[in-house]
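Notes follow the structure.
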Amino acid sequence: MNKQNNYSDDSIQVLEGLEAVRKRPGMYIGSTDKRGLHHLVYEIVDNSVDEVLNGYGNEIDVTINKDGSISIEDNGRGMPTGIHKSGKPTVEVIFTVLHAGGKFGQGGYKTSGGLHGVGASVVNALSEWLEVEIHRDGNIYHQSFKNGGSPSSGLVKKGKTKKTGTKVTFKPDDTIFKASTSFNFDVLSERLQESAFLLKNLKITLNDLRSGKERQEHYHYEEGIKEFVSYVNEGKEVLHDVATFSGEANGIEVDVAFQYNDQYSESILSFVNNVRTKDGGTHEVGFKTAMTRVFNDYARRINELKTKDKNLDGNDIREGLTAVVSVRIPEELLQFEGQTKSKLGTSEARSAVDSVVADKLPFYLEEKGQLSKSLVKKAIKAQQAREAARKAREDARSGKKNKRKDTLLSGKLTPAQSKNTDKNELYLVEGDSAGGSAKLGRDRKFQAILPLRGKVINTEKARLEDIFKNEEINTIIHTIGAGVGTDFKIEDSNYNRVIIMTDADTDGAHIQVLLLTFFFKYMKPLVQAGRVFIALPPLYKLEKGKGKTKRVEYAWTDEELNKLQKELGKGFTLQRYKGLGEMNPEQLWETTMNPETRTLIRVQVEDEVRSSKRVTTLMGDKVQPRREWIEKHFEFGMQEDQSILDNSEVQVLENDQFDEEEI
């Protein structure tokens, strides 16, 4: 892979300083919550991956140390250890100057996904301390930094070595990451596993040395993205073996793997130089365009589509498709839309992917004739179902059919008085009794109430036309008013927030999961925008005294309960709420609906693959994966009165005081 490129001191280019990083970290790592925290690790890992991507080294070890710091070690060439043309040691330039990287101007890399150097300096700026150890040219070098990037030592030669590579250890700064500086093994695992899937020869080890959390996992996939697709489809009924294509066009390397399952949603994961492009881009467009064109040509050739028939829509062809599209693009062609590298803008990538897929897919379809015919028939059925769903939507939206909508919502929805969609909230409330209290206790101006009476369908297993037949889901679709599935338009939503409010028991949790499954599958932009919430009613009410001296307090956790019991002393009465219906309207407003005092959990999708796999595991047809997951993640000795707040993985937003970076 272009080994003549010279990764040396002079190949590191300096573009600008580091001043703004600590002041505005969100601009560089997205946020200072746990996503931003883990992003620090990815920046350093991506630098190590770049070495492997360009043919140097094949191992990366990531270790969460006992003191909460983290180490990333590779066996690449090792960072340059000489003096940079600016007069400073090159290592110091890499770790203290923003945009000092080996990728700029093609100095050290043909293809690069990490910002190689940008990442290193940003991580240093946001760390309490950072140390780098380099094995290069037979010597071991060491340099340390502290207090957000200031060198605390020069580059020191420590001894001799036969190895090559770089080891970076850092401890995040808790004055920047105020919520937590604790790394989550599972979050890191998903991302590292992804990197291993994308590079066949890469071996990654993840270690956790923290007391009580000791754990180790290895990731190495000889069949690369073929195994990635199998991993994503785990727990689903698949229709064939994974298909893979590789090729090169316009100097861009293209790898594609795909497999159909029996479900109704598509999952396309795209990558550029091993970095996930979660918002897609030109490479994804090229894949979809070629696939749609080739499938339609094939359908006409085998006479499943007649001359008079219109072409199959891409959405119908991709129903039940899981695909991974990975491209490697030379630096001079690489363009992203926006700062976060989440959407590819390189125009040549579209034609490159289109060319490779259009060249290879027809042969695959001819070779697998029986399967191909069944996939075409599947797409035709999807087209028919989509047409039926479209007609149902049009019926619901057209003026002449408004009576049906009014009938559907009659006696159910209690609307907000305001028409301000930027402020209005929709409460989905379990049961009639709680719905009644919510109607009386709400702020009529901006809060709408929709009680859920019947059974909510499990949308993981249902197709769109069946979902429309479920009264509860249909009512939610009409109430939100922004469409559903591929036709969902978030800007048309009648509400800024959708808040799920259920009892704090097993049935309530089940309703939450059913609703979240629906939102994740069919109104995903609403979840991605952070506009779906779970209301958190209190578990306990404590009351003491009478008349003017009467004091009423609420507790959401056992910890809060114990604190209040000590504070109130003897003589209080304690009520354990079993359901929302036990609260009168004033109590429900005060504890669960008042923006000044309520507690909400914002539902967020941090990792698309992880979220999708969890939904399949928990809501799919197969019992065994669900049983194994539950046994691994839940203690069945839990007391009935334990709260969701006791889960350290749940981030809670209290009193509606959202951080600017969380919104």
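Positions of Cβ are set from backbone N, Cα and C atoms, glycine also.
According to Swiss-Prot, the protein carries these features:
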type	residues	note
BINDING	Tyr7, Asn47, Asp74, Gly114, Leu115, His116, Gly117, Val118, Gly119, Ala120, Lys341	ATP binding site
BINDING	Glu430, Asp503	Mg(2+) 1 binding site
BINDING	Asp503, Asp505	Mg(2+) 2 binding site
COMPBIAS	387-398	compositional bias 'Basic and acidic residues'
DOMAIN	424-538	domain 'Toprim'
REGION	386-418	region 'Disordered'
SITE	Lys455	site 'Interaction with DNA'
SITE	Asn458	site 'Interaction with DNA'
SITE	His510	site 'Interaction with DNA'
SITE	Arg626	site 'Interaction with DNA'
Cβ-Cβ neighbours of Asp74 (ATP binding site) (radius 10 Å): 28
Reduced DSSP assignment, Asp74 (ATP binding site): strand
For the domain 'Toprim' (424-538), residues assigned helix / strand / coil by DSSP: 52 helix, 21 strand, 42 coil
Lowest local Cβ density (other Cβ within 10 Å) among recorded positions: Lys341, Lys455, His510: Lys455
Position of peak Cβ density within 10 Å, selected from the recorded positions Glu430, Asn458: Glu430
Which same-chain residues, if any, lie at least 6 apart from Asp505 (Mg(2+) 2 binding site) yet have Cβ under 8 Å of it: Lys578, Gly579
His510 (site 'Interaction with DNA') and Gly119 (ATP binding site), Cα-Cα, nearest whole angstrom: 42
His510 (site 'Interaction with DNA'): nearby binding-site residues from Asp74, Lys341, Glu430, Cα cut-off 10 Å: none
Of the recorded positions listed as Glu430, Lys455, Asn458, Asp503, the one whose CA lies nearest the CA of Asp74 (ATP binding site): Asn458
Shortest C-alpha distance to Lys341 (ATP binding site) - which of the recorded positions Lys455, Asn458, Asp503: Asn458
Per-region confidence, the domain 'Toprim' (424-538) (mean pLDDT, whole number): 86
For Gly119 (ATP binding site), the three-state class that DSSP assigns: helix
